[in-house]
């Protein structure tokens with residue numbers, strides 16, 4: 001598959017990033033978005049150059065397409081997305097179980113915005129989302145929740161994504177590290 | 001299912017934790033271990049009280065059983081595990097694809113130690129592991145890799161784990177937050 005799969009656009013919007021403590025977790029969210037089939041990452045509020053640069057470096061080395069935006073208003077982005085005909089999936093431990101709703105979400109051809117919060121998410125997002133989806137009802141990690149949701153959305157097909165550009169590729173190996181230069 | 005599922009013991013060993021930068025990511029690794037069906041978390045090297053306390057607080061509120069150890073020697077722990085008849089699964093982007101080997105690993109009844117590295121992992125672990133398993137061949141996150149591996153190992157059954165103790169439980173909800181006190 002190509003990033004975005006049959007939906008064309010699958011973007012991940014990260015809310016509430018605090019540069020002093022979330023740098024690494026937010027970078028993981030962005031890299032998971034890319035590796036599991038999204039085609040863009042949007043950072044609400046701040047423009048944390050550390051995060052943006054880390055992700056762009058990965059895209060340059062390992063390929064894309066994968067876009068990174070930052071400093072947007074989360075509310076405005078969600079409204080725009082819906083006005084443009086896309087649907088909004090908010091990941092929260094309080095939502096409806098992913099294994100029950102992912103097949104329904106996957107069956108809809110609309111562009112998808114996946115919203116991933118940090119500690120505290122405003123009520124607005126629960127109300128504006130087409131789907132509030134939980135990956136388990138235990139506290140764990142937005143990084144894991146995003147990976148699992150995209151895995152279910154794309155039915156595991158993310159492993160066959162064909163990235164274009166970049167110059168590195170890993171070859172499977174039982175006991176070592178095999179990295180090849182592309183092309 | 002109960003934590004550990006049919007294997008009795010599934011532990012997660014986190015290598016190379018650096019307290020100044022990995023606190024939150026390592027905490028996510030530990031919480032993912034618990035939420036996706038492992039029954040213990042082991043932190044190699046340092047004893048980062050911030051991480052240990054965060055995880056213990058979650059266990060006290062949301063239930064267990066889930067054990068936390070720290071300050072162990074990773075090499076000794078892996079050797080002990082194998083001498084005790086358990087098997088060792090090392091998660092690395094250079095390994096063999098999870099969807100190809102997870103069914104084989106799941107079919108073996110042996111106790112399982114899942115090894116999760118930080119930036120750089122010593123050759124020792126590639127050589128001592130029974131399995132070097134990759135969750136995709138793109139750079140992303142050890143948090144996501146662990147979640148996906150445990151999901152495949154337990155075939156999605158982690159969502160039915162019955163935690164004992166603790167006093168909080170989330171009820172699924174389409175648009176709000178519903179948290180109940182247990183019992």
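Cβ coordinates come from backbone N, Cα and C, glycine included.
When B:91, B:148 are compared with the S-adenosyl-L-methionine site residues B:117, B:118, B:119, B:120, B:121 in Swiss-Prot, the one appearing in that site is B:91. For residue B:120 (S-adenosyl-L-methionine binding site), the same-chain residues that are 6 or more apart in sequence and have a Cβ closer than 8 Å to its Cβ are B:16.
For residue B:118 (S-adenosyl-L-methionine binding site), the same-chain residues 6+ apart in sequence whose C-beta sits under 8 angstroms from its C-beta are B:14, B:15, B:16, B:17, B:18, B:22, B:142. In this entry, B:91, B:117, B:118, B:119, B:120, B:121 make up the residues listed for S-adenosyl-L-methionine, with the farthest two CA atoms of the set 12 Å from each other.
Comparing the binding-site residues B:91, B:121 on other C-beta atoms within 10 angstroms of each C-beta gives the minimum for B:121.
Sequence-distant neighbours of residue B:117 (S-adenosyl-L-methionine binding site) (same chain, six or more apart, CB under 8 Å from its CB) are B:15, B:16, B:90, B:91, B:92, B:125, B:142, listed in sequence order. Apart from the site residues B:91, B:117, B:118, B:119, B:120, B:121, the chain places the Cβ of B:15, B:16, B:92, B:116, B:142 no farther than 8 Å from the centroid of the site's Cβ atoms, the recorded S-adenosyl-L-methionine location.
Long-range Cβ proximity for residue B:119 (S-adenosyl-L-methionine binding site), meaning a same-chain Cβ under 8 A and a gap of 6 or more residues, is found for B:16.
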